[in-house]
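The structure appears below as structure tokens.
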Amino acid sequence: MCGLVGIVGHANVNLELYDALTMLQHRGQDAAGIMTCHNGRIAQQKANGLVRDVFRSRHMQRLVGNVGIGHVRYPTAGSSGPALAQPFYVNSPYGIGLAHNGNLTNTAEVAEMLYKSDLRHVNTDSDTEVLLNVFAHELQKLGKLVPTADDIFEAIKNVHKRVRGGYSVVALVANYGLVAFRDPHGIRPLVYGQLKSEHGVSHMVASESVAFNVNGYELVRDVAPGEALFISDDGEFFAQQCAEETKLTPCIFEHVYFARPDSIMDGISVYKSRLRQGERLAAKIARERPDHDIHVVIPIPDSSRVAGQMVAQNLGVKFREGLVKNRYIGRTFIMPGQQQRRKSVRQKLNAIELEFTGKNVLLVDDSIVRGTTCQQIIQMARDAGANKVYFASASPAVKYPNVYGIDMPSANELIAHDRTEEEICKEIGADWLIYQELDDLYAASMDGNREISRFEDAVFTGDYITGDVDQAYLDSLDAARNDLNKSQQNIDSSDENAVIGLHNESDNSNFG
Ligand SMILES: O=P(O)(O)OC[C@H]1O[C@H](OP(=O)(O)OP(=O)(O)O)[C@H](O)[C@@H]1O
Ligand SMILES: NC(=O)CC[C@H](N)C(=O)O
Ligand SMILES: [Mg+2]
């Protein structure tokens, strides 16, 4: 998952972009980038690392302009090397920078068309570079020296016809303004907000509404599936539906894990959705184990805290923070390799022994994906002297790959793939395991927005809503991105002879 932001303001927007990216850091820890435009000149800084490490004051001084975009990256295509950090840039037409959250499912075929029919060169394995070139080509075809909002929307209509998958996008068109659009299913989130001041209205588009809060912007609405926004350099706002068929089908995993609880997406408070997940999970536990002997409920920080509280409250059992999180370690699930993930769980979480010793403990997590976290935490609970260790997941078993922007490419790496619940329970070393029902997970989110009748839920069901994902595609994704191959790609990309971004700064040192 990546995080996006785009702003059209009245003065330099670099600091607002930076603050927004820090609020979106949980969506991508691999690389960060900001691109701004002033008097037709584009400036950018992007590199591997966290937001606080990538941008120094000397970069901020150069990132001038009242229009800009920003990105934090969690790779789902190509390596995690610096050449694939976003935004991407193309010089023709106009000079366009683009950042993307999601994943295209027909990248290979579109890349081939770009080369053979559109005569465009793509220099990396990034699906985002492909997406940018499709947008640029469709704009170029219109042959306008000065594009109107309608021209931009026309180009986006053609982008929707050519690409498949999940994509929320922000783009900067030099001298003209900010563009934002969302795929026809609205798989990845995108929200629009405003700040009214004595200078007029400033506009912001972002992955999550928390990016508005830090900057004092008000959430106005979600960008609709298939819809595009264009905000000109001088703040004129245009919006148009650009897809022929649309149906809001947002990713349910945002509500389980990815989004911050203080965000509101597609009209749903993520916090309330997680509270309801906890209520529903407690009800299932009470049904299945009316005479349970749980002494204490302990959440696995961070993401399961909210659901965990409701599980405890509704079961009438004590809630205790028995695991302390090291605040300087990031999210483990979105780290690129299994070795790094495994090590991070131990660095990140530490048990308070007295909450475990001699007790029957119910550990609650939001999800079990590869099983890295729960296996280690269950062992920690035993080492701390727990009597019985039960485990509850606030989402159903994750059995199938994700192809729309979450890096779960390989079914074989998922602990629940081809295993029964009993086998999973044994594998993770728990005394008992319970999963949320899919209907209950749905209800927890739908109660926040009754207009949504379906979520993108393929990791639980294997049903891919874009209709183009077949076994051959899943096999090729697995081959390209399983942990072993990915680590090789990442070694290759860190080689000093590896391709570096053509428009990158040569100096990415962190001093100054
Ligand atoms: O089964 P696994 O492969 O271990 O993946 C699932 C775990 O990973 C995530 O935590 P993470 O540490 O990434 O972030 P968090 O602090 O937001 O919970 C998620 O919340 C689960 O705890
Ligand atoms: N997680 C994402 O949204 C990834 C965006 C894009 N596919 C990349 O790999 O850079
Ligand atoms: Mg977690």
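A Cβ is built for glycine as well, from the same backbone N, Cα and C atoms used for every other residue.
According to TrEMBL, the domain 'Glutamine amidotransferase type-2' annotation covers 2-234.
What TrEMBL lists as active site, nucleophile is C2. Secondary structure at C2 (active site, nucleophile), taken from DSSP and collapsed to helix, strand or coil, is coil. Cβ neighbours within 10 Å of C2 (active site, nucleophile), excluding its own Cβ and spanning all shown chains: 27.
The DSSP secondary structure for D365 (Mg(2+) binding site) is strand. Residue environment of D365 (Mg(2+) binding site) contains 22 other Cβ atoms, counted within 10 Å of its Cβ in all protein chains. Among the features that TrEMBL reports, Mg(2+) binding site is placed at S303, D365, D366.
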Next on the checklist: List, in residue order, those recorded positions out of C2, S303, D365, D366 with a Cβ under 6 Å from any atom belonging to ligand 1.
Outcome noted: S303, D365, D366
Checklist entry - What are the non-local neighbours of D366 (Mg(2+) binding site), defined as same-chain residues 6+ apart in sequence with CB under 8 A from its CB? => result V256, Y257, R274, Q277, S303, S304, A307, S393, A394, S395
Checklist entry - Under 6 Å from ligand 2 by Cβ, which recorded positions from C2, S303, D365? => result C2
Checklist entry - When a 10 Å sphere is centred on the Cβ of S303 (Mg(2+) binding site), how many other Cβ atoms does it contain? => result 23
